[in-house]
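Visitor: To start, I am sharing the structure in question, which I have written as structure tokens.
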Amino acid sequence: MEIDKQQHSKDSVFFRDGRRRVDFVLSYVDDKDGERKQERRKVYEANLENVGLELETEDKSESEDGKTSFVKIHAPWEVLATYADVLKIKVPFKVNDIPDNKDTPMNWLSTPFRLPDHIMHPEPDYFTAPFNKSKSDFFLIDNQETFFPPSTRNRIVYYILSRCSYLKDECPDKDKKGIKRLLNNGTYTAAFPLHDSRYWTRSRDPNCESERYNLYKHWARFFCFFKEQPLDLVRKYYGEKIGIYFAWLGFYTEMLFFAAVVGTICFIYGFLTYDDNQWSKEICSEAIGGNIVMCPLCDKKCGYWKLITTCNSSWQSHLFDNVATVFFAIFMGIWVTLFLEFWKRRQARLEYEWDLVDFEEEQQQLQLRPEYETKCSKRKLNRITQEMEPYLPITSKCARLCLSGATVLFWISLIIACIIGVIAYRLAVYAAFASIMKDSPTAHLQVVGPLITPQLATSVTASCINFVIIMILNLMYEKVAIWITDMEIPKTHLEYENKLTVKMFLFQFVNYYSSCFYVAFFKGKFVGYPGNYIYMFGEWSKLRNEECDPGGCLIELTTQLVIVMTGKQVWGNIQEALVPWLRNWWGSRKARSHPESLYSRWEQDYDLQVFGQLGLFQEYLEMVIQFGFITLFVASFPLAPLLALFNNIIEVRVDSWKLTTQFRRPVAAKAHSIGAWQEILNGMAILSVVTNAFIVAFTSDMIPRLVYMYAYQPDGEMNMKGYINNSLSVFNISEFPEANSPEDGENPFWFNSSITTCRYRDYRYPPGHQKQYTHTMQFWHILAAKLAFIIIMEHVVFLVKFFVAWMIPDVPSDVRARIKRERYLVQEYLHDYEVERLKNQLSQNANDCTCAPMIYPSLPKHEVLSECL
């Protein structure tokens, strides 16, 4: 009996009979190319019905816009059972009776952070086994309609949709199949599973679970930021792939708390030791810093200046450049290892709890990409399955890989060229800003006047240009990366994502970190000395290499890191939350003027945004880039983990909010891990030890200060008195070449002919010495100390890392035992089931004949079961 649409359309996820569940929805709009598309749809839908799916069409006259038709798809039991067998979907056969010893001491402390048990664990814990259609009575099937959850149902239907042809059987073109191609050529406008209710209220249909409402209420609201995530419900509603992402993001955020606490303590140490900063006192002293005349920072347009002008930046630099920096760099090297090792354990537990153990092999063998099946015309025998399967010839594969590699190298070279261009811009405009701003009215402003400097103007404009270039290249490269990955024709979805992940990460790594690498390891390192400066493209270019900011390069690296990291995160969160909301608001504006009852469940979801195949990929990429900022350069900014922690607390809720409220329900997909991101994180963890050791040695002034205090302090005392004078070399002004000398009018009012020398940051012999302007022995001592520090720090941290990794097993012992126990019980119950079936068959046969009664064989059960242990 059909139910009137007006009575159930708002919340119904069922056919008109109110009984058959809508597992998938296809939509289309008739247009000028209608006949051809109509023929494709007719054949495709007929083929879907041939494989057993049931279809029901909502005419466009029934839709809210009067243009869109909807095809609702229902998978009956026979289809679900067949494909659950094909896909080896694990289903329950017995309630788990292994005692769960999760009681922890002081458990009551976590009560405020807990969620109701029916939300955290929406279904009992079962023993599961791959579904076998011929043994369906072995499994716990109470109701065939609800045995497979909606996420599993939509996954099975999408598997069928991806492989169903839209040409008649007699047509030879095997490439013409799959919903993806029909969406690309406009035959259908959308294909999606339905949400089970509106997010802000429960469904009025008692047969609907309203899991979306529960997710919104307990997970997707910002005021739940201090609560645990209902990961089991996320997995049940969205599938394991999305569940694994939120499990990883939540775990990463928890681990950031410890790094943030230690980083904050190191920052506070720098603040509390402010008054012990002897070198800043000397810079700010009128008697010392006020009398030291420094050489010009650029040719022609820059005049002489006094060291005291760097007083503010010197004090700021001490907040980050102190002894605690070394400790924090070592701590973060160990923290990264602990994070990765504990995540492996958490992931192993999830694999067991979510039935993902041994999943990868199934993924590789069974779930070939439809594109791979259609584009690989050649077939060969699989030695394992003994079946003919498509394959890509080795010559074709090599050619495609070479073209792909060359394309990636070209784009990375393009980024490097753009970065060099931005550096050239910085060098070219610095002199111009120095000349323009010398007499600028901003210089007389009381508070901000001293801060508006040529360095700041150059840095801000260069950063803006760099940001625009990053955005443009990101936009262009994303399309190129997808195109070349498609061209490689990966075999499985897992392989496709891994290939795309590597390409996108390599690009983003160079794009986001190159400016930080430049400031940390190149700026101020190759500048020469007065009278013999080094130029970027040779002396003809007149682009003299940049010197460090007067406060040192570490404070500039800190500034660069703060701007890029926080700017990216703030912009990313605004974009993630605001753009989908505005699009949905604009798309559903017409529907708001209609009565609610006319706006059906599938129309509501049709108006939402599409969570495409790169949706989760972009989320991982954003977090991994952030992970790079807080590990690769953390020695320059101990507060980076704290900023990342605040961002991630918001990120978890923003991601969950937009997924639950602003996007169509994604097709459920399985994944047993975070994929290629795991290896990328491991690689960054190793690289971070090297980069932080080099930052402490070469970007910070830590090593020169220690060498001075222990070996060059003139009074033999363990203090920093006289360090500033010792760290500056002397140059005779009369020896300046014409090309380097300041022009008339560029020098400050206090400069006169009585000043015959200027100072610069380096360790060189003074004029008049037989080795004038060559490096002193102190320079070589400092260089040796820097290299020794790098070797010692790297070895210490790597030894601790490897020891920690060895000490912490990847799979917890209780999980390993439970996996073995479950395998044993599965074999035991299957054995009992088979024996019972055999008895029943023999009993039936005995009733049909008059032969002597048969003695049932005593099967060696425990010999069979011992294999799984």
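Note that Cβ sites are derived from N, Cα and C of the backbone, with glycine treated the same way.
Take a look at what TrEMBL says about it:
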DOMAIN    14-231  domain 'Anoctamin dimerisation'
DOMAIN    234-822  domain 'Anoctamin transmembrane'
TRANSMEM  245-272  transmembrane segment
TRANSMEM  323-343  transmembrane segment
TRANSMEM  408-436  transmembrane segment
TRANSMEM  456-477  transmembrane segment
TRANSMEM  627-650  transmembrane segment
TRANSMEM  680-699  transmembrane segment
TRANSMEM  787-808  transmembrane segment
Visitor: Grab the same-chain neighbours of the transmembrane segment (680-699) for me: Cβ-Cβ under 8 Å, and only residues 6 or more beyond its ends, written as numbers and ranges.
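Guide: That would be 325-326, 329, 332-333, 336-337, 340, 501-502, 505, 520-521, 525, 553-554, 557, 624, 627-628, 631-636, 786-787, 789-790, 793-794, 797-798, 801.
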Visitor: Which residues of the same chain, at least 6 past either end of the transmembrane segment (245-272), have a Cβ under 8 Å from a Cβ in it?
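Guide: Beyond its ends, the transmembrane segment (245-272) has Cβ neighbours at 228-229, 231, 234, 318-325, 327-328, 331-332, 335, 338-339, 342-343, 346-347, 350, 616, 619-620, 623, 627, 630, 634, 638-642, 644-645, 648-649, 651-652, 655-656, 674.
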Visitor: Go through 408-436, 456-477, 627-650 and flag the stretch with the largest number of C-beta pairs under 8 Å relative to the transmembrane segment (323-343).
Guide: 627-650
Visitor: Averaged across the domain 'Anoctamin dimerisation' (14-231), what pLDDT does the model get? Just tell me the whole number, please.
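Guide: Mean per-residue confidence for the domain 'Anoctamin dimerisation' (14-231): 86 out of 100.
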